[in-house]
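**Q** Pulled the feature table from Swiss-Prot, pasting it below:
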type    : residues                  : note
BINDING : 408-415, 454-458, 508-511 : GTP binding site
DOMAIN  : 399-568                   : domain 'tr-type G'
REGION  : 116-135                   : region 'Disordered'
REGION  : 170-189                   : region 'Disordered'
REGION  : 262-306                   : region 'Disordered'
REGION  : 408-415                   : region 'G1'
REGION  : 433-437                   : region 'G2'
REGION  : 454-457                   : region 'G3'
REGION  : 508-511                   : region 'G4'
Amino acid sequence: MTDKSIKELALSVGRPVEKLLEQAREAGLPQRTADDIITTEQQDTLVNYLKKVHGQESGNTGKIALKRKTTSTAKVASTSGKAKTINVEVRKKQVFAKPNPEQIAAEAKARAEAEAKARAEQQAREAAEQKARLQTEQKAKATLDAMRAAHQQDSAAQSAPKAAVVVKKRGGGTVKPAPKPAETLEQKKAREAQTAQLKATEEAARRKAAEEAQQRTLEQMRKMASKYSNDDATATIRVIDDSPLASGLVGQAYEDSFNQEDREIKRGGATTNPRAGKKGGRRGQEEQSFVNHNKRGLKSSQANKHGFEKPVKKQVYDVEIGSSIVVADLAQKMAIKVREVIKTLMKMGELVNQNQTIDQDTAALVVEEMGHNPVLVSDTQAEDNLLEAAEEARGEQTTRPPVVTIMGHVDHGKTSLLDRIRRSKVAAGEAGGITQHIGAYHVETDKGIITFLDTPGHAAFTSMRARGAKATDIVVLVVAADDGVMPQTAEAIDHARAAGTPIIVAINKMDKESADPDRVLNELTTKEIVPEEWGGDVPVAKVSAHTGQGIDELLDLILIQSELMELKASAEGAAQGVVIEARVDKGRGAVTSILVQNGTLNIGDLVLAGSSYGRVRAMSDENGKPIKSAGPSIPVEILGLPEAPMAGDEVLVVNDEKKAREVADARADREREKRIERQSAMRLENIMASMGKKDVPTVNVVLRTDVRGTLEALNAALHELSTDEVKVRVISSGVGAITESDVILAESSEAVLLGFNVRADTAARQKSDQDGIDIRYYSIIYELIDDVKDAMSGKLAPEHRETILGVAQVREVFRSSKFGAAAGCMVMEGVIHRNKPIRVLRDDVVIFQGELESLRRYKDVVDEVRAGMECGLAVKGYNDIKPLDKIEVYDVQMVKRSL
């Protein structure tokens, strides 16, 4: 650093001049203006001050961090029962701080004092132990000598009478020894007791000597370990001492030393000479013993630590069972092989494989049979907990706008009526003039906010109407005044009743001359819809979407009904709602239409819908205008879910991503189990139905639509087209553009590729042109259904239709050498053809069926003979013709059938 002005210094460090002057003043520097010069020493002073202020010490911290990363692999069990290999990465970090010199000197001095004190204490302890050991040995030796002397005296006293005493006789002969006195019982018992006491004393002395030898060995190993731990040059040994390796080595050395001394004591010899050994001296023996048993100690430690311990008794598990469970998953929870579970199920009369699903009761019986404890749990426990937590976080409830669903028959003017209310032109933009998915709108009228759901009226959209009735507060039933109650009108009434939703009848098209509202009311009465003016409880409004007649009256009825229902919701807490519709847009991903029912939905919220979850990245209203939040009864479109959820799925905002993932995975697993169960049931039904029957022609379909609701409706409609003679099978269906994989699938399965309100991408078009696959696009649902019907009709076998061309009566029978029996006939009706099949009838009963061999008029061979004329004919291969028989000529035509 060099001397420079405050302004130059501020420019070099990138800080404002005023801020730098303020910091210099706080550091005690004299500079006050931007042109003042600051020296190098003053710059150092300023830097040290700033470091101190920000919690940093000037100078080096004296710390060093060591990091180590190791990677290994491990095998774990998966849900399928097979082991899979995963990578395990272990990261270690250790920070060493360098102490200052004063601290090092103080620690060295304290360590030296502690070592000197410990050494003095150790020497004093060893001297005391040596003195005590000598005293103990002397006492034991004195006691042992005294007992041996007493024992010898007793033995001498007992053996004295046994000695042979030789006495010379007076006559020069010898005297015989005195006879041996008999040992009494008391003397025998005393001798045995004395012997036992002597043995016990010797055993006690031997045991005490062994304990002292073991203590000496332990002290030797302690000194050796202390030597290694105090050696600065071998600092790494301190780390190793705490490891299982060091424990095994030292422990094995202790054990070997004790065993050696025990063997020497039992042999009656002294302990090993401490000065013996190759290195000489006590230390040499210790180190040699430590080195010799290094390898054996390692093996012993590892064997003791990782040895298998056999279980004392069978493990009993608490097995959690939901409403259904896969056999393989059940076996894994009980830690047994799948075949054991299958055997148990076979004993119970159930024939299943490892991938099949069994119900909760059957699984509980299997678990009890296998000796474990079944725990019955709810599949929706996690979802219920989330809902309860969301309800607890709700604030005060306030009045919310009503949600009104417009329902009725196709072309009765539902969307046009909603257009008049919204003052827009939605119906003109619908393909074919009919609504093909649920439209959600909220309308701000002079009388308040109303949210409308416009449902399709076509027969194929039954599930959509059912969802609309379930998510609504009020149903407006639109009936055309000139058409009356139709099938979808009656279906809408049933949906509204099933959902328990009040109904308001709107008789539309009152501006037409053919309008007959009384007939409509009579037909509604047959469906138990009695209007208020007839003494019932159903409000009726006579409206015209074309002229606007009765619109205000209809809105008043809706708002009055909502006030009577006291609709309330909380605008606070996590949002909760229902999926109205979902689609996949190119470049945007999954677009989900949601009706918020409780709480407030904000951008950035974590949304759980069906088996998918994600954060709201963007949100817009029904007109495509971006918004940041939406309250109760407001329909919105959101982006952020990884895939399009099913229409009708419940939507919930959660705070914990882990819980959202758990609930989504649980829902996906339940859906998978249901699909497996459904497929297995279908396979069984197909096997039973196909027994004894020939193959049925099938029309394969690959279907792609723009929204989920339309996909569901088309799947149901195509499934209902199947008959006993020809089937419709949807190979694949999905939401979004037609892709190359769809074209490949259609080619391999010989399927028809249909797109509803979607188009094929570039790769799919190129592939279809290359392989000659026809892609059909539709925007009106009944046109798609009609084309599939035509394809099914092409698979039907043609019908054989017979037409009687003419009838001739036999008048006389002649014999011919060439033809045999020849009949002279009169043509009664029609025309007799020579090359057409015939039947011979006798008393109006068919007795022969064949063809003519010859047809003549007089002597001429002719091709046909008309009514009222005579002819002669011969039947090929039949000679039993009699008078009054009838010859019937007919023709068989192949007629193409249609559904």
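Note that Cβ sites are derived from N, Cα and C of the backbone, with glycine treated the same way.
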**Q** Have a look around K414 (GTP binding site) and count the other CB atoms within 10 A of its CB, chains all included.
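**A** Total other Cβ atoms inside 10 Å, all chains included: 30.
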**Q** State the non-local partners of the region 'Disordered' (116-135) in its own chain: residues 6+ outside its ends, Cβ under 8 Å from one of its Cβ atoms.
**A** 212, 215, 219
**Q** By DSSP, what is the split of the region 'G1' (408-415) into helix, strand and coil residues?
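**A** Counting residues per DSSP class in the region 'G1' (408-415), I get 2 helix, 1 strand, 5 coil.
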**Q** Determine the most Cβ-crowded residue among the binding-site residues G408, D411, M510, using a 10 Å radius around each Cβ and all protein chains in the structure.
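**A** Answer returned by the neighbour count: G408.
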**Q** Grab the pLDDT values for the region 'G4' (508-511) and give me their mean, rounded.
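**A** The average pLDDT of the model in the region 'G4' (508-511) works out to 88.
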**Q** Provide the three-state secondary structure of M510 (GTP binding site) computed with DSSP.
**A** coil
